[in-house]
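Asker: Would you mind keeping the following structure in view while I ask a few things?
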Amino acid sequence: MSSTTNSPTHHTSTIGSIGTPSRRNTELALLVFAVLITVFAYANVGLAINEEVPSGLLSYGLGLGLLAGAAHLVVRKFAPYADPLLLPLATLLNGLGLVAIWRLDQSKLLQSIQQAGNAAPRQLMYTAMGIAFFVVVLIFLKDHRVLQRYTYISMVGALVLLLLPLVPGLGRNIYGAKIWIQVGSFSIQPGEFAKIALAVFFAGYLMVKRDALALASRRFIGLYLPRGRDLGPILVVWFISILILVFETDLGTSLLFFGMFVIMLYVATERTSWIVFGMLMSAVGAVGVASFEPHVQQRVQAWLDPMKEYTLSRQGQAGHSEQAMQALWAFGSGGTLGTGWGQGHSELIRFAANSDFILATFGEEIGLAGLMALLLLYGLIVERGVRTALAARDPFGKLLAIGLSGAFALQVFVVAGGVMGLIPLTGMTMPFLAYGGSSVIANWALIGILIRISDTARRPAPAPASNPDAEMTQVVRPS
Amino acid sequence: MSELTLTVMRLGFLAVLWLFVIVAVQVIRSDLFGTRVTQRGARREAARPQQAQRQAPPQQRQQPATGGGRRGRNAPTKLVVSEGTLTGTTVALQGQTISLGRAHDSTIVLDDDYASSRHARIYPDRDGQWIVEDLGSTNGTYLDRTRLTTPTPIPLGAPIRIGKTVIELRK
């Protein structure tokens, strides 16, 4: 408040409290804007590659528009006070992802090696399934506190989901990382769903235990040191995340899992020492595992010297990949303003160009300026999640919202950092942008839960009933 | 497709993408919770009825509405901060209690090292006379030069001093 009234000029201003409006029309306007941007990008790709407005423009635009419209109507009906930004932001990211996947579908090179061709229609189908999931969450989850009852069931569920890829015959090892399972003709990434179940478990668990974790501590050089026995839970979670790293050889899932716990622990206890402990433990764990696990070692080598990795791969040595270097070249070739939709050559990344490396396509075709905007869109989703946590009135909702948005932020960091060469590459995918059913469905469910919490948090409290007897009772008072 | 069209589309796409981000941030800006500060300059007259409407429902009515009707012609209608970091802030007086202090739920949140979290309150008595009461603050509340010890009626235009902040009632 003071910032707006600090100026020396003697203007006048008035202070009054405000009720929160529902903001549904703002959401609708932003949704229309998001769909229009997507349609514009789609037309741009068609014009650049085939020199004509793509024939599917109407069906894609209408498809995305109808899905977004349906989601909006459900929010209007079942969560009228929800945050107005979450749905449009997710829709825009999902729409841009569809455009990039369709653009890679057009590449003759990728078609010739069976890496693309009909990915975009399937992604549109996954989007429909994701939005259906979102709708189901909003309709059936009337109150997020119901999830609190399933604290320990979600723990078991999350552990099962995390361990599924290790089951022989079910799990699939795709290029080193064992984070997939094969059911029929579908391959599913159970870690994406485990993320939500884990947030529910951590929120329920920390809500009960946070006082013990926060208060029983000694002070030592400015840090609160927790008692030895209170270190139990963090040690267990750390150990499980190390197991994931060793057996599934996926740094991303492990980091996401442990990082989410540390974030929620910090929020629940307000003790900085947990962050220090968490960072130390993850550093020790990662270095320890990297010293004996060859797949992790190789990822680290590829990160430290991508050019050497590229050369080795070109020489035909098995187990090496040229993608990390190619992704960096793609970013470089895009420059500040990018080459324009459909005019880059990110299809040269070949395998996983439309899933793990989709960010390289964006980096090349919309450049640094576009990529910054994309990252800001992710940042805004996370910000709205944290804002929801701040506004939530119940501790479980607060922790759940923080956990979900923290997991989302970590995933974006791990994937974007991996593709850009900031941290070693992992097998996770960019939420909403990348091709893949599990990711799209799980993230729409995540947005659904956040919208549910924000609806509860922003719903105006019912006005206290005016008591007609108040004046009477005030008059009759003992003297 | 000509080079020019594609360049225009490329830059146009970046522009609309950033426009979306900016619009989203504007939505967040207008979405902040808590107290609303309305700037009033030239629009002073136009803004007054709206402000009265807006302020009426959410405020807790701690006093029965009798105060409003019996006020004389010299009754103050607003409280104005005349010195301190909040200079220029006004609060319309509508029979509600106004709390002052550093606590976030105060009507006027004082950003002042010398203020206590619940420093003082200003309320109308049964006759509509506005009273200032010190709530046991550390550094005291001053009406003109005298430190308050009991709830005291506020003359129109008399400065109430809390730390570096000076408040007065005006018509």
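Glycine is no exception: its Cβ is also placed from the backbone N, Cα and C atoms.
Sharing the features that TrEMBL gives for it:
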TRANSMEM  A:28-49  transmembrane segment
TRANSMEM  A:55-74  transmembrane segment
TRANSMEM  A:86-104  transmembrane segment
TRANSMEM  A:124-141  transmembrane segment
TRANSMEM  A:150-171  transmembrane segment
TRANSMEM  A:191-208  transmembrane segment
TRANSMEM  A:229-247  transmembrane segment
TRANSMEM  A:253-269  transmembrane segment
TRANSMEM  A:274-292  transmembrane segment
TRANSMEM  A:357-378  transmembrane segment
TRANSMEM  A:399-426  transmembrane segment
TRANSMEM  A:432-451  transmembrane segment
Asker: For the transmembrane segment (A:86-104), which partner among A:28-49, A:191-208, A:357-378, A:399-426, A:432-451 gives the most CB pairs under 8 Å?
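Answerer: When the Cβ pairs under 8 Å are tallied, A:28-49 comes out ahead.
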Asker: Same chain only, please: residues at least 6 beyond the ends of the transmembrane segment (A:357-378) with a C-beta under 8 Å from a C-beta of the stretch. Say none if there are none.
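Answerer: Contacts with the transmembrane segment (A:357-378): 89, 92-93, 96-97, 100-101, 103-104, 323, 326-327, 330-331, 333-346, 349, 408-409, 412, 415-416, 419-420, 429-431, 433-435.
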Asker: Any contact between the transmembrane segment (A:229-247) and the transmembrane segment (A:274-292), i.e. 3 or more CB pairs below 8 Å with pairs at least 6 residues apart?
Answerer: yes
Asker: Mind pulling out the one from A:124-141, A:191-208, A:253-269 with the most Cβ pairs under 8 angstroms to the transmembrane segment (A:432-451)?
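Answerer: The stretch with the most close Cβ contacts to the transmembrane segment (A:432-451) is A:124-141.
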Asker: Can you tell me which parts of the same chain pack against the transmembrane segment (A:274-292), counting only residues 6+ beyond its ends and a CB-CB cutoff under 8 A?
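Answerer: Tertiary neighbours of the transmembrane segment (A:274-292) are 223, 226, 231, 234, 238, 241-242, 245-246, 251, 254-255, 258-259, 261-262, 265-266, 300.
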Asker: Within the same chain, where does the transmembrane segment (A:191-208) have neighbours whose Cβ lies under 8 angstroms from its own Cβ atoms, ignoring anything closer than 6 residues to its ends? I mean 6 or more beyond.
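Answerer: Those are 147-148, 150-152, 154-155, 157-158, 161-162, 165, 179, 233, 250, 253, 256-257, 260-261, 264-265, 268-269, 395-396, 399-400, 403-404, 407, 411, 428, 438-439, 441-443, 445-446, 449, in sequence order.
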